[in-house]
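Quick notes on the structure that follows.
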């Protein structure tokens, strides 16, 4: 079957390569079972023969179609294997500059060795609340999923970050904690989230160091529990540390450094507070200069020391505590400079000025310390003997003391940090962030690498079981029969290390013997473990052993195992430390039974019975402590829901975006990514929901299958027809499960169908084009023929007529010439002698000539008269035409006016029933008012106050005012309120005018304060009620305009009528109250916008991006695990662009109904359009699956809908569309050609509203949906970058969706005649009385 697949389904495979691990090759001849070689052609054009073993033929891995390459999730690949994973990561990292990729439940993070603009607060807000598969892979997405599952499932979570040194573990863990700090603000004055983040610089200073692989390598493991209360706000944190590399204090390899804190202190040695420590530069101390590496390029130790001290203070650690820490650290540096020399014979002595400084700083006895560094007490059966030790042993004792003091200090600082991060309150849940070393293998591997790899074996086992469990749950949920999957179980390796008579057991046993050696222990390993297939003895060495770990085979050098496992410090030296007068130090060494105690809810059980130590020197070994803490960690992780982050180091030279396939594949094998792929590939790795499958592959269905209403049944029928082997797929309740390679096969069929359809379309389009060209050409030829033939006919007729004219002219001229000839002849005859006779007898010749001349003159005069008459007629006709045209234009205008009047009358006809109803109520009210006027006529006579409204409550001693009733009883709905916009504002102003008329400042002040307080109370009680906010925003604005219009100030009275001027205030200036009301209006406006934004925001992304608004344009690609397991609530409403437009129409209708001023309404709409554009663009920048040509078409279509909506609402001239320019240019960028230099220049010239960071991000994220589209090459991206070098602008990737345009309240005078204002009885404002 595989050979057939090589022939028909895929012709590109992967073959091994020593340099690039794998390289691509094309099959040039079909392969059949029994062939010994497979003929291939490499990418460089050379031919290559792949040899096939006939007994067990292993054919090359098939390559995925290009359309599947570059996916966000590796599980979306149809062929799941090592070369496919390696290639997909390379394409994303090198070509698309994307560092995060999902691999099932793992987030793979490749270190870019470059600062990226993807970690700002705007990015955090964009990921907050989003489902896991909705956004591009990111550490924030993992943190959000952990936070969401903690809140939803009420279960503790863990984020496990692992990887090699220099892979970016510490940075990833730091960003995860920063995410929790931002999205879960504590709201308390303690600012505990800031303290959690502040702990990182301290732990990095005392626990991180420069190595050959990393400038800031964590030399310990850290598990940070971030605690949350019932509202899921941070209330504290707690750190647990694992396996601090104490040996680094006294020894560093070449080009490495000691812990950062030592160099920071030496850089600040001249500061007054460090003078007592008697420090100098780092190159003066043995412990900081033995490797020859003092500084780090680009790192300022002095500045880092300031940051360290600042974070000490932020955590609340006193200056006294900091001083004590620095004293101990300085003492360690001086201890390292103590020289041990032989004193002669077998005795040794120690004498050094640095020893004196050490003792002074720690307040210990110098003679005692000198004695017990050089001697050792031996307790025998009957006596105690003091024996001198060789200089080497004394130096080892000195270094052991330094390591022990530093380890105690490290633990003390961690305890103080935990105490500072502990806030009063009950922990409801926690999220743990584990920053731990990944699998390590070096040229020389010692005890530290052994413990690190042991921890990774435990973590890998937990990871495998979790992946296996998730796969099983997925199958059970879909009702698919579960079959056991064969995957690598590393329990035998764990047993080899930790079981009885295992490596650690034998090591602890050898440590019990005072004369135990590394060689004796190694020999025991050879004797007891030689039959274990996972344990080997090197052929060429008797001082090492080899273990076959899950990731690789590692050779360990046995030298130093016993010493590092014992971590022994002589009891006499311990007693000296306990006797120190420096209480801070003495507390380190006081006897306390501080075995590692589990936190509440966890109990640690040892894997084997504990061995009682023979003496106090060997209470607990390092291996035993590490094993116990590891068990505690595993129990903690097993009690939580884990989330995995695997950090990858792309190259050893720390070059930005350089990809070394050999280094990457080593780490992929070591961190469990390939094991995840292996587990997934054995089952059904490709999984589609029925709707996704139908949308993507309905093109492969027959017309009969497409007519089936049940899409699920249609999908089943189509799959059964297309894939004959039923073992290659399974039907679940909601999804279809496919074996590896089947999606690639479906993609090939889909591509073939599309290509065939394209050929048919091209055939018909080309045929239509050619036929159209033929018909147009034929028509042109006919026209030309007609013209030529016509010209020929015209020419023939002209020639014929011309010839006839010539004949006529010839005969006529001949006739005339004969007549003239006869006359001339006669004339000459008469002159010759018969003149008189001829004249008398025949005078007609002269008469003929005269008559001819007279006739010609008459004809000429008649012709001139006719020309003059025709000219006059033409002039008269032109004048008549102009007059008629003017008359027609006037008649057209009249018709247009008549049509508008008809439309207006039609609208008024619709409101006649309501108007009649209101008219009746107004007539009743008018009658009652007229009666009251008659009764009060005498009281009102002589006053100029017209149309005043007041309240009887105003006149009471209790100073009750109009606002409580008016502000609370007046509702934003009602026919009268809608017909008289600003009614509430007019009523309030008339009450204000009454107080002004009475010249009562106290009542006026009370009224204004009451109005402001009442409106504030209403807004506070209805903070989420859009209609109430809209109503009072409009009325507050109207009230401000009234106070301006009737203030008496000339600039506001220009458009007032004389009757309106009578309503101006006479006695008081309310400009200060106008300012207060303006501030209140701004507050209402922002609250008003917040309510609209919260309502509209959930609709923007589904409506603008996810909904397929263009028929026939589908942009779905094969989904990965993250999209399958996204925590989206089932049955959620699917929003469309129509939903967005309907919501905008609802907002606009309400604002219009409440009479909101046009300028203010335009500002609100502009803000909503800005939000729509910003949220849409931010999602494009953070979602690679949305960066396609088809999505660009859809976005531009949706923008056109928004523009059309603006025109329908009469807002076409507003600046709202300007806020969508960045989005419009992003959509254009997705659609434009991206290949040539001219294209790069066009992009730089046209994308003026996008900054260079955004443009490059979109280009790097561009994703073809079909094989017909082309990827954007790296060379083209560099061309665009070169064009954008001179562009100015922000370097922020995201737009700030919280940005608000400055609101203004332009003055707009009201034409309302206040003296004619009536208070409808339907409003039930009976407490108001007209005067």
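Residue numbers in this text run from 1 along the chain shown.
Cβ coordinates come from backbone N, Cα and C, glycine included.
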Which range is it, out of 561-583, 584-606, 607-629, 630-652, that shows up in TrEMBL as region 'Actin-binding'?
630-652
Of 732-770, 771-809, 810-848, 849-887, which range does TrEMBL call coiled coil?
849-887
Summary of DSSP states over the region 'Actin-binding' (630-652), given as helix, strand and coil counts:
9 helix, 8 strand, 6 coil
Which of 163, 166, 168 (the binding-site residues) has the most other Cβ atoms within 10 Å?
163
Cβ within 8 Å of the ATP site centroid (163, 164, 165, 166, 167, 168, 169, 170 excluded): which residues?
111, 214, 217, 218, 438, 647, 649
If you draw a 10 Å sphere on the Cβ of residue 169 (ATP binding site), how many other Cβ atoms land inside?
28
Could you tally the C-beta atoms, other than its own, that fall within 10 angstroms of the C-beta of residue 165 (ATP binding site)?
18
Identify, in sequence order, the residues in the chain of residue 164 (ATP binding site) that are 6 or more apart from it along the sequence and have a CB within less than 8 Å of its CB; answer 'none' if there are none.
213, 438, 439, 440, 647, 648, 649, 667, 670
If you draw a 10 Å sphere around the Cβ of residue 167 (ATP binding site), how many other Cβ atoms fall inside it, taking every protein chain shown into account?
25
